Structure formats: structure tokens, C-alpha cells
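Below is one structure, written out as C-alpha cells; the observations come after it.
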Amino acid sequence: MSSDLLREYENDFNETLKEANDVASRLQESLQRSGVSYQAPPAAGPQSRSQQCHSLQQSLTRLRELITNMSYESNEVEPASAKEEVKRRLEDYRGKLVALEKQLSRLRQESREADRTDLLGNGREMGDDGGSMEEHARMLGTTTKLKEGTGALQKAEALLHGTNELGLETLSVVRGQTETMKHIHGVVIDVDDDVTESRRIVHRMQQVARKQKLIMAGVIGMLVFTFLIIVFWK
């Protein structure tokens with residue numbers, strides 16, 4: 001059962017990682033502003049850079065959860081050689097997670113700079129018209145608020161992830177204590193069985209001793225009776 005669950009976690013991890021890499025590739029392409037046909041992505045919505053960064057952050061959160069779950073399940077893998085192989089794969093997964101985290105940090109910074117450049121570029125194209133500049137300022141303010149909201153959401157996700165890890169650690173401790181209690185219970189049962197067997201042995205020994213006493217008493221009685229008969233006949 002544990003092996004099947006671990007396999008599901010690994011498949012989920014690889015699929016989530018692939019989706020995250022696809023999003024990162026699209027986001028990287030949107031940062032290529034040197035082309036003649038370059039068209040700035042929308043400042044908000046699913047195709048915006050900030051939303052793609054948010055999608056990557058969600059994938060990272062999911063990947064962390066999966067690694068935590070796999071680490072927990074790996075403790076149940078047997079034999080030891082299979083467990084070592086699982087540990088090796090886990091280290092590889094952690095390395096991929098760290099690489100994606102670094103990539104997201106870089107893409108997030110570059111996306112902010114690119115969005116700002118796009119907005120400033122649009123402002124210059126609009127000219128010095130007051131209404132255009134006012135619209136530009138409004139768009140810049142909206143983008144800033146959106147990024148602040150995204151940052152708050154990311155902090156909430158990080159807190160949720162931390163709470164989830166704490167819960168899994170607590171569950172692991174409880175599971176370990178349960179195994180210890182089961183072991184102690186097994187030892188107590190074994191000791192109780194030994195005591196019961198010892199009592200049976202002592203009881204059998206007592207029965208044998210009583211039989212031997214009866215036999216001895218019978219022999220002594222016969223000897224006394226024989227002695228009395230001999231004395232009487234003399």
C-alpha cells in the first residue's frame with residue numbers, strides 16, 4: 001500500500017514539475033523584448049507575467065508538499081536497499097525543486113522590470129497628453145496593487161505550507177509513538193505468555209511431587225504392614 005502511494009506521489013511530482021517548467025518557459029519567452037514583433041502581455045489576467053509567477057509559486061507549494069509526503073512514506077519502504085533508492089530519488093527531486101525556486105526568483109524580478117518597462121514605454125508612445133499620462137499612472141498603480149496582493153497571497157500559501165509540514169511532522173511523531181506502544185504491548189504479551197507457561201510448569205511439577213509423595217507413602221505403608229505381619233507370626 002505504501003509503495004503504491006509513494007508511486008502516485010512521484011507521478012504527481014513529475015507531472016507538476018513538467019507543468020511548472022512549461023509555465024516558466026512561456027514566461028521566459030514573454031521577457032524577450034528585443035524582437036520587432038514584440039507585444040507586451042496584459043498587465044493583469046491569466047496571461048500576465050504576475051499571474052504566471054503566481055502559478056509557478058502554486059506549483060512550488062504543491063511540489064514541496066509532495067516531497068514532504070514522499071519523505072514520510074519512504075520510511076515505510078522495505079527492504080533497506082529499496083529504501084536507499086527512494087532516498088536517492090528524493091534528493092534528486094529536492095535538487096529540482098531548489099533549481100525551480102531559483103528560476104522563479106529570477107523570473108519574478110525580471111517580470112517586474114519588464115512590466116515597468118512596458119508601462120513606461122506605453123507612456124512615451126502616448127506622448128505628453130495629460131489624460132494619457134494619468135491613464136498610465138493609473139495602470140501603474142493598479143499593477144503595483146496587483147503585485148502586492150499576489151505577494152500577500154504567496155505569504156499565505158507559505159504559511160499554509162508550513163502548517164502542513166508541521167502537521168505531517170506531528171503525524172510522524174504520533175505514528176512513531178504508536179509503533180513504540182505496539183512494541184511495548186507485544187513485549188508485555190510475550191512476558192505474560194512466559195509467566196503463564198512458568199505457572200503451568202510449576203503446577204505440573206507440584207502434581208508430580210504429590211504423586212511421588214503418595215507413592216512413597218504407599219511404599220512405606222506396605223513396608224510397615226509387612227514388618228508387622230512378620231513380627232506377629234514370630
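Placement of Cβ uses the backbone N, Cα and C atoms for every residue, glycine included.
Since we're looking at a predicted model, the values are computed, not measured.
According to TrEMBL, the protein carries these features:
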{"type": "DOMAIN", "residues": "1-107", "note": "domain 'Vesicle transport v-SNARE N-terminal'"}
{"type": "REGION", "residues": "33-57", "note": "region 'Disordered'"}
{"type": "COMPBIAS", "residues": "47-57", "note": "compositional bias 'Polar residues'"}
{"type": "COMPBIAS", "residues": "108-118", "note": "compositional bias 'Basic and acidic residues'"}
{"type": "REGION", "residues": "108-133", "note": "region 'Disordered'"}
{"type": "TRANSMEM", "residues": "214-233", "note": "transmembrane segment"}
If you run through the domain 'Vesicle transport v-SNARE N-terminal' (1-107) with DSSP, how many residues end up as helix, strand and coil? 83 helix, 0 strand, 24 coil
When the compositional bias 'Basic and acidic residues' (108-118) is classified with DSSP, how many of its residues are helical, how many are strand and how many are coil? 11 helix, 0 strand, 0 coil
